[in-house]
Each structure stands twice: as C-alpha cells, then as structure tokens.
Amino acid sequence: SNAATTDKASNMSQPVTACLLSAAFFGALGSSFLYGYNLSVVNAPALYIKAFFNKTWVERYGEPLGAETATLLWSIIVSIFAIGGLFGALSVSFIIKVLGRKGTLLLNNSFAVIAALLLSLGERAKSFEMLIIGRLIIGVDSGIALSALPMYLGEISPRHMRGFIGQFNSILICLGVFTGQVLGLPELLGQESRWNYLFAFLALPALLQLSVLPFLPESPRFLLMERRDEAGAERAFQRFLGKTDVSQELEEVHAETRAQDNLHTVSVLQLLRSPAVRWQLITIIITMACYQLCGLNAIWYYTNGILREAGFAENILPYITLSTGAIETLAAIISGLVIERIGRKPLLIFGFSAMAVFFSLLTVFLNFQDSVTWMPYLSFICILAVIASFCSGPGGIPFVLTGELFEQSYRPAAFMIAGTVNWLSNFAVGLLFPFIQETLQSFAFLVFVVVCTLGSIYLYFVLPETKNKTFMDISQSFAKINKIPIPAPTQEMDSHSLLHSRVYSTFQSLLPGGLTSHPLM
C-alpha cells in the first residue's frame with residue numbers, strides 16, 4: 001500500500017494539461033453554454049416576440065391575435081424547448097454508439113447552427129412557425145449536450161480531477177444564463193430591431209467548438225473499451241495527461257473491462273432490470289428530479305415581481321437581474337474549485353439544505369412584504385442566496401455523479417434515464433408552477449422546501465463519496481446496499497500474474513485452434 005500512497009501523491013501533483021482544459025472548456029462552450037443561454041434568452045425579447053406574433057397573425061388572417069391564442073403560442077415557444085431536450089436525451093445513446101463521445105458533441109453543433117438560422121430568420125420570413133421549430137431544435141441540441149458532455153468530461157479526466165473538470169458543465173451553463181441576460185439588455189440586443197441577433201448568436205459558440213474540438217482526442221475509455229483501439233486510447237491518455245507513460249491508466253481501464261459482467265453496451269431496459277445497479281439508478285433519478293424540482297426555475301418567475309415591489313424603477317430591473325446570473329456563475333466556479341477537496345456528497349447536501357432554509361425565509365419575507373418597507377430587500381437577498389446554494393452543488397454535481405456511479409457499459413443508458421427525468425421534470429415545473437402559484441400564492445415555495453429537505457435526507461443516507469475513486473471502487477461501495485456479493489479480488493490480479501496471463505493469451509492466439517485447458521492456468 002506504500003506504493004499506492006506515493007502513487008496517489010504523484011497523481012495529485014500532476015498538473016492540468018492545456019489539452020484537458022481546452023477539451024473541457026470548448027466541449028462545454030458548444031454544449032452546456034448554449035443550454036444556459038437558451039434558458040434566459042427568451043425573457044428579454046418576450047414583448048417583441050409577442051408583438052411579432054400579433055403582426056404576423058394580422059397580416060395572414062386579417063384579424064388580431066386572440067388573447068388565449070397569444071398566451072398559447074408564447075407558452076409553446078417557452079416549453080417546446082424542454083420537449084426538444086427530451087428527444088435529445090432519448091437519442092443520445094444511439095448516436096454515441098455510432099459516433100463516440102466527441103463525435104456526438106461535434107454533430108450536435110449542426111443542430112445549433114440550424115436552430116440559429118431558423119430563430120434569427122423567422123421574423124424576416126414572417127413565420128412564427130420557424131421560431132417554434134427553431135426552439136424545438138435547440139432543445140434537441142441541449143438534450144444531447146447535457147448527456148454527451150458530462151460523459152465525455154468524466155471519461156477524459158484523471159480521477160483526482162473528475163469533479164473539477166466535470167463542473168465545467170455547470171460553470172458554462174451559468175455563464176450561458178448570464179450571457180443571455182447581458183446580451184438581452186436594451187442597450188445591446190434587447191431591442192425591437194435587434195432581437196433576432198440574440199438568436200443568431202447561438203451559432204457562435206457552436207462554430208468555436210467546431211474549430212477546436214476536432215483537434216482534441218476522443219475519450220480514451222471509449223476508444224479502449226468500445227472500439228478496442230489500444231493505440232488510440234494510449235495516445236489520448238498521453239495528450240490529456242501530458243505524460244508518456246500511461247500504462248497505469250490503461251491498466252485501470254483494462255481492470256474495469258475485466259470486472260464488468262457485460263462488455264456490450266446495456267439497453268435501458270436491461271439497466272432498469274439489473275440488480276447490480278439498482279441503488280445507483282434510484283440515486284440518480286432522485287438527484288436529477290431534485291435538480292429540476294428544487295424550485296430554481298420558479299425563482300426566475302418571481303425575481304422581477306419582487307424587485308418591483310421593492311420599488312426599483314422598471315428601467316433598472318434588467319441590471320439588477322444581472323446580479324442573479326453573476327452570483328450563479330461565481331458560485332459554480334467556487335464549487336468547481338472546492339469539489340475535489342470537499343467532495344460531492346457534502347456539497348450536494350449543503351446545497352439542498354441551504355435552499356430549504358432560504359426558501360423558508362423567503363416565504364416569511366414575502367408574507368410581510370406589504371407591511372414592512374424594507375422586506376422586499378430581504379426577499380431579494382434570499383433569492384440570491386437560493387441561487388448561490390443551488391450552484392454550489394446541486395447545479396452541476398448530478399451530471400458528474402451520473403458519469404461516476406455507472407461503469408462504462410451502463411453509462412449511455414444511465415444518461416438516457418437521467419436525461420429523461422431531467423427534461424420531464426423541467427417540463428412539469430414549467431407547466432404546473434403557474435397553477436401552484438395561483439393556488440398557494442406566496443406559500444408556493446414551501447413545496448420546494450419539502451423537495452430539498454427530502455433530497456438532502458436521501459443523499460445523506462444512501463450516497464457514498466465518490467471523489468478520487470476509480471469507477472470500480474464506486475461500484476463496489478454500492479454492492480453492499482444492492483445486496484450483490486462483492487467480486488473476489490482475483491480480478492484485480494497483481495501485475496506479475498497479469499503479465500503471465502497476457503503472455504499466455506498471446507501464446508494461445510498463436511497456436512492453431514487455440515487451447516482449451518492448460519495445466520498452468
């Protein structure tokens with residue numbers, strides 16, 4: 001074990017290579033950044049888009065757009081994004097089989113470019129259908145991105161940096177939200193004459209990714225386990241880790257391959273039936289559901305209303321809303337910097353518990369909003385605190401965990417299920433929250449207090465810490481609660497017997513007809 005500790009120490013001191021950083025940054029720029037951007041970008045031009053609907057309707061049918069139809073069209077524009085996301089998440093495991101992790105990310109850029117064209121030319125073509133289809137397609141792009149990107153990031157990073165690299169996903173989502181808020185300012189693109197440029201901007205991150213990612217390696221785990229390309233995997237590890245001797249990393253992947261029951265990629269049904277990953281699956285489903293149902297989406301509905309109550313003038317609201325995007329980005333960056341020190345589990349539990357606390361306070365403050373003049377300021381501070389708590393853990397770690405809790409053959413199916421839960425919950429919140437809000441008014445947030453509290457309790461009792469562990473160790477830490485016998489350590493042969501078995505298998509392949517039994521084995 002002495003060798004193991006020195007080995008761990010040398011591992012920890014290994015710096016992040018430029019290759020790994022650019023894969024993480026440009027991978028996320030063309031993927032999760034676009035998702036974040038599309039979450040916030042429709043808010044600023046909402047009035048102009050509605051006016052465009054009306055104008056087009058009058059030109060076509062010679063009568064103004066009815067109020068119900070207008071609301072319906074607008075809610076379609078907003079919610080069809082999540083339906084696209086669901087399609088994207090469902091298609092990922094098929095695309096990934098054919099094109100690999102990196103290939104999927106590259107193909108995905110074509111969706112972003114098509115969507116950018118449809119959304120930015122819809123006004124010129126006098127067609128609001130183009131806007132709806134464009135929103136659907138950028139949804140598909142986001143659905144693919146939020147599954148393929150965390151998978152790629154988790155597989156290319158050395159295990160002591162897996163969380164840090166994985167948090168690039170969340171940092172760029174937040175940065176995307178912030179960029180959408182900034183570009184939507186009235187001085188920039190949030191104007192009647194310029195709103196279509198807000199959508200044309202979508203093509204930029206996609207083109208940036210297309211100009212960098214092709215020159216970076218594919219996931220070495222994918223190359224080795226699914227393409228059986230040992231030389232390619234070795235080159236990929238060498239570039240990502242910045243060292244020539246990567247035999248140890250390759251060996252870790254070989255050990256994983258041997259420990260897996262099935263080398264073929266598992267289907268979703270097989271995953272749902274498999275007792276070996278039962279609790280991993282339950283954990284991911286609950287974490288992903290909490291990620292969407294913890295109430296962060298609902299906060300955006302409220303922010304402007306609370307600021308108005310606080311007496312801020314209408315024309316400075318967009319600037320104060322910027323503070324939410326800025327806090328989000330800051331919290332995500334801090335989370336990425338501390339995740340390898342603190343671990344996944346404490347950050348998740350802290351994030352959800354803090355959200356529950358601040359949602360409770362927000363409920364109290366909202367109820368005294370009218371009676372005390374300075375209450376709205378406290379409400380706004382609470383809103384910022386909820387956002388910061390969300391981004392400190394729950395905002396990115398669910399994606400990191402989906403990659404960590406499953407071994408290679410289960411991973412695509414696991415991301416498909418996680419993605420489905422994610423987008424369905426997103427859609428449900430968008431659909432149901434306005435009704436919950438009407439019924440419960442300012443007590444609506446208590447629903448989220450319950451979700452966050454239950455999520456924290458579940459994670460506290462079930463989730464093992466995964467930082468700096470190999471994928472095999474993580475599987476074994478679940479073996480106890482899955483009531484699966486832990487495989488005997490024979491699969492982890494020492495290097496001597498390993499060499500022996502390798503030499504033997506090479507020898508075997510040279511003989512005519514192969515050998516069936518042999519006294520040595």
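Backbone N, Cα and C define each Cβ position, glycine as well.
TrEMBL does not curate its annotations; it predicts them automatically.
Sequence annotations record features per position, and here TrEMBL assigns domain 'Major facilitator superfamily (MFS) profile' to 24-467.
What TrEMBL lists as transmembrane segment is 18-37 (among others).
As annotated by TrEMBL, transmembrane segment applies to 72-96 (among others). Proximity of distant same-chain residues to the transmembrane segment (72-96), defined by a Cβ-Cβ separation under 8 Å and at least 6 residues beyond the stretch ends, is recorded for 38, 42, 46, 49-50, 53, 65, 104, 107, 128, 131-132, 135-148, 151, 265, 268, 412-413, 415-416, 418-420, 422-424, 426-427, 430-431.
Long-range contacts of the transmembrane segment (103-120) within the same chain, counting only residues at least 6 positions beyond its ends with a Cβ under 8 Å from a Cβ of the stretch, are 27, 30-31, 34, 92, 95-96, 130-131, 133-135, 137-138, 140-141, 144-145, 148-149, 152, 196-197, 199-203, 205-207, 209-210, 213-214, 218. According to TrEMBL, the feature transmembrane segment maps to 103-120 (among others).
Annotation comment: TrEMBL describes 132-152 (among others) as transmembrane segment.
As annotated by TrEMBL, transmembrane segment applies to 164-183 (among others).
Long-range Cβ contacts of the transmembrane segment (195-216) within its own chain (Cβ-Cβ under 8 Å, at least 6 residues beyond either end) map to 19, 22-23, 26-27, 29-31, 33-34, 37-38, 41, 44-45, 48-49, 102, 105-106, 109, 112-113, 115-117, 119-124, 134, 138, 180, 183-184, 189, 239. The transmembrane segment annotation in TrEMBL covers 195-216 (among others).
What TrEMBL lists as transmembrane segment is 281-301 (among others).
Taken from TrEMBL, the feature transmembrane segment covers 316-339 (among others).
Listed as Cβ neighbours of the transmembrane segment (346-368) (distance under 8 Å, sequence separation of 6 or more from its ends, same chain) are residues 287, 290, 294-295, 306, 335, 338-339, 375-376, 378-379, 382-383, 385-386, 389-395, 397-398, 442-443, 445-446, 448-449, 452-453, 455-456, 459-460, 463. Among the features that TrEMBL reports, transmembrane segment is placed at 346-368 (among others).
Taken from TrEMBL, the feature transmembrane segment covers 374-401 (among others).
The transmembrane segment annotation in TrEMBL covers 413-436 (among others). Same-chain neighbours of the transmembrane segment (413-436): 78-79, 82-83, 85-86, 88-90, 92-93, 143, 146-148, 150-151, 265-268, 270-272, 277, 280-281, 284-285, 288-289, 291-293, 297-298, 301, 398-399, 402-403, 405-406, 444, 447, counting only residues six or more beyond its ends whose CB sits under 8 Å from a CB of the stretch.
Listed as Cβ neighbours of the transmembrane segment (442-463) (distance under 8 Å, sequence separation of 6 or more from its ends, same chain) are residues 279, 282-283, 286-287, 290, 293-295, 298, 344-345, 348-349, 352-353, 355-356, 359-360, 362-363, 366-367, 369, 394, 401, 433, 436, 481. Summarising the annotation, TrEMBL assigns transmembrane segment to 442-463 (among others).
Each of 18-37, 132-152, 164-183, 316-339, 374-401 was scored by its Cβ pairs under 8 Å to the transmembrane segment (281-301), and the highest score goes to 374-401. For the transmembrane segment (18-37), the most Cβ-contacting stretch among 132-152, 164-183, 316-339 is 164-183 (pairs under 8 Å). Mean predicted confidence for the domain 'Major facilitator superfamily (MFS) profile' (24-467): the pLDDT average there is 90.
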